[in-house]
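Working notes, beginning with the structure itself.
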Amino acid sequence: MTFRFDNSYARDLEGFYVDWPAAPVPAPRLLRLNRPLAEELGLDPDLLEREGAEIFSGRRLPEGAHPLAQAYAGHQFGGFSPQLGDGRALLIGEITDRAGRRRDLQLKGSGRTPFSRGADGKAALGPVLREYLVGEAMHGLGIPTTRALAAVATGEPLLRQEGERPGAILTRVAASHIRVGTFQFFAARSDIERVRRLADYAIARHYPELASAPEPYLAFYEAVAEAQAQLVARWMLVGFIHGVMNTDNMTISGETIDYGPCAFMEGYDPGTVFSSIDLQGRYAYGNQPFILAWNLARLGEALLPLLDADAERAADKANSVLETVGARYQGHWLAGMRAKLGLSGAEEGDARLAEDLLEAMRSQRADWTLTFRRLADAVTDEGALRPLFRDGSALEAWLPRWRDRLAPDAAQRMRATNPIYIARNHRVEEALAAAHAGDLAPFDRLLEALAEPFTERADRELFALPAPEGFDDSYRTFCGT
């Protein structure tokens, strides 16, 4: 099968990676192929159904593939690790999709590499299917994200903390896998020339219009800050908690990446944490905008030598970008909140209107997704909201203020903005448990609902229901390594 690889990272950035083969697997079996994505990439899904097990397990890579493990560093929970890198993944190449966009193809769970740091480099079935589900859920919501092209069972049992688990490999598609941590890897070694080469490559690949800017590296820093501010605002608007916002998990492209301990919040609480390793709540839902700025500061540090030869002027330029991050984020968040509330135009009091609703939701632990979805029904029937609030009077003072700001077509616009289906934690776990038992039908049904999150259907009612009371209080997510 022809993939038409054009591997610019391997060609242009020698010394930024290690050439490495995928580990052999005993009995690969294609579990699921993302046929719409395959077509988007210009690939033949029928042919991939037949040959995908061999290709996406790494046993028989297509002609032109160049498997490599990328080097990067990163701050993990605030502590700097100078060498991380692809410890269980291989970039096999780049292709151009039907829209003319360059896309990475990466095998995740393909075995040990020089960056594995003692781990086995493999992935278990549960984390692979989880990333497939949540990535497609984010795509359905219109949020920039890496996506899964395929999931392959390897036929190899893996020993994990919870016991023996079947092995699997995910084929991940991304605009690129360049991270803040990629810049940090070379900056930490004072290899300014490679930082410059990486910046030039990232500009050419993701922000080519900046190449002719008076100060292209400063413009690049601003562009990444803008892309990430918009991304995190969109996470917040749907109640998404990434769970591990380390700098090696922040992309230069502005795509969401790495869905290990992520989860969607149900009852609204800014302090919500699901990750089993986030013991201090560093990456709690409400902290994500602050971590956004913190991570961008680390990128700024790596770029300082490119911003100006004078250290003081370079710091001033970096700070001039950092000082805008809060306003960038708030602007995207408020624009999104106006859409979620169905407001007409923009007025000064809109932020307060939104914040007062959130405070009422917090005090009642109201379901994030259903509250905003049922607000569309409340345009004509305020009773639609009452089941979501323990205290029926919680919104009495707020509703008239909201009604005064509604657009004429508010209900229709709100239903197109506020999803009815998200990847609720209990439904994801049910689908994964069934998959472990050999039944992928629940996975498929959930995936179908998540692909159309704004379209409410009677036969998908179960996917809209919150978890049983108390479920999320004890629910914990894991990295899957």
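Residue numbers in this text run from 1 along the chain shown.
From the backbone N, Cα and C atoms, a Cβ is placed for every residue, glycine too.
Bear in mind that the values here come from a model prediction, so they are computed numbers and not experimental data.
Going through Arg98, Arg130, Arg172 against Swiss-Prot, the one listed in the ATP site together with Gly85, Gly87, Arg88, Lys108, Asp120, Gly121, Arg179, Asp258 turns out to be Arg172. In the three-state DSSP reading, Asp248 (active site, proton acceptor) counts as helix.
Same-chain residues at least 6 positions away in sequence with a Cβ under 8 Å from that of Asn249 (Mg(2+) binding site) are, in sequence order, Gly74, Arg179, His242, Ile257, Asp258. For Asp248 (active site, proton acceptor), the same-chain residues 6+ apart in sequence whose C-beta sits under 8 angstroms from its C-beta are Tyr72, Ala73, Gly74, His75, Gln76, Leu84, Arg179, Val180, Gly181.
Here the binding-site residues are Arg88, Arg172, and the one with the most other Cβ atoms within 10 Å of its Cβ is Arg172.
When the Cα positions of Gly85, Gly87, Arg88, Lys108, Asp120, Gly121, Arg172, Arg179, Asp258 are compared pair by pair, the longest gap among these ATP-binding residues is 23 Å. When the binding-site residues Asp120, Asp258 are scored by other C-beta atoms within 10 Å, Asp258 scores highest.
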